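For reference, the structure is listed below as structure tokens.
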């Protein structure tokens, strides 16, 4: 299962890998899922991990004094995957057995504290992790767990009939991540008693487990309703907005032959030429930048550097095709596009219909969703002196099914 096109597990693991108090992360996986785990590690950026059947992972913290609350790395997690992300460990037949196997695997590291988190809680926040870690490090508790107050009425039900109502003032819903003294938790797991979570195991052995405030957003994906709620919260936005801008200088045309400039893919006869590395279509360049900006994919210069000879005199429709393909690959299509062309000459109005037709055909959208406007600067500035031409573009993209090869 994925959220925002990424495995559920990846969201929680990323938070743990980037947290300042976490020294190591180890994921417990089903032995039949190792290939999927490895493939995901190799293929995804930012060290996202693939989903595992046993939906939890371990992180360890070394003891730190109060004045030593400093990040593990000031550069973040990038480049540290080999040292911070440990190799996965196979789980057992039950959650508790998998926890025990994970704890056993950490003996060589011998951390002071261990954090156990359900990966099916993708909304764990750095604030929550930090609060738990500080409480544990500062007070040397045996265990610290997050919990939220129970706000609904709680009743005992038998055969769909309410038998009694339970006072809720002292009731709490326990969440993860949960932090414990590593050696004590491991020793109690070796007793092989069955418990629903690790805090229950510690309490059974008369150990004090401190409760701190949890977060409602840190809910567990258990039912279909939970999953639908998570998708609403975490899936990519349905719409994206981008803007683009481009400007080019006019230069004198050489010779007596007719000269043309190209705007929105349409040739316009004019006694000047556009100085540019490509064909100088300012409007298309602005549109390309708007689409790339909406996608978070940089700008036209990053993909088609003017220093590269292969783009010399290149038809700008090639750049527009590229941007449209990028949008499809990321699962977006153009909802509507607004272009403003600013110049004193030539006159744009006679060509607007042809411009709309060219742009809409290239982007594979109806021409009614493309608007082309033209204006002047009332003789002000370099454009007013007819030294060049510029264009602005605004685009709205909407989410469609992503393109899979």
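Including glycine, each Cβ sits where the backbone N, Cα and C put it.
Features of the protein shown, as given by Swiss-Prot:
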- 246, 248, 285: divalent metal cation binding site (BINDING)
- 1-240: region '2-C-methyl-D-erythritol 4-phosphate cytidylyltransferase' (REGION)
- 240-405: region '2-C-methyl-D-erythritol 2,4-cyclodiphosphate synthase' (REGION)
- 168: site 'Positions MEP for the nucleophilic attack' (SITE)
- 220: site 'Positions MEP for the nucleophilic attack' (SITE)
- 277: site 'Transition state stabilizer' (SITE)
- 376: site 'Transition state stabilizer' (SITE)
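Annotated features taken from Swiss-Prot, shown on the structure.
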residue : record                                           : DSSP class
168     : site 'Positions MEP for the nucleophilic attack' : coil
220     : site 'Positions MEP for the nucleophilic attack' : coil
246     : divalent metal cation binding site               : strand
277     : site 'Transition state stabilizer'               : coil
285     : divalent metal cation binding site               : helix
376     : site 'Transition state stabilizer'               : coil
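Checked against residue 246 (divalent metal cation binding site), the recorded sites 168, 277, 376 differ in C-alpha distance, with 277 being the nearest. The Cβ of residue 220 (site 'Positions MEP for the nucleophilic attack') lies under 8 Å from the Cβ of 118, 120, 121, 175, 226, each of these being in the same chain and 6 or more residues away along the sequence. Reported as a whole number, the C-alpha separation between residue 285 (divalent metal cation binding site) and residue 277 (site 'Transition state stabilizer') equals 12 Å.
Residues within less than 8 Å, Cβ to Cβ, of residue 248 (divalent metal cation binding site) and separated from it by at least 6 positions along the same chain comprise 274, 275, 276, 280, 282, 388, 389, 390. Close to residue 277 (site 'Transition state stabilizer') in the fold, though at least 6 residues off in sequence, lie 306, 311, 312, 313, each with a CB less than 8 Å from its CB. Reported as a whole number, the C-alpha separation between residue 376 (site 'Transition state stabilizer') and residue 168 (site 'Positions MEP for the nucleophilic attack') equals 69 Å. For the recorded positions given as 168, 285, the lowest number of other CB atoms within 10 Å of the residue's CB is seen at 168. One way to see the shell of the divalent metal cation site is to take the Cβ centroid of 246, 248, 285; the remaining same-chain residues with a Cβ within 8 Å of it are 247, 276, 280, 281, 282, 283, 284, 286, 390, 391.
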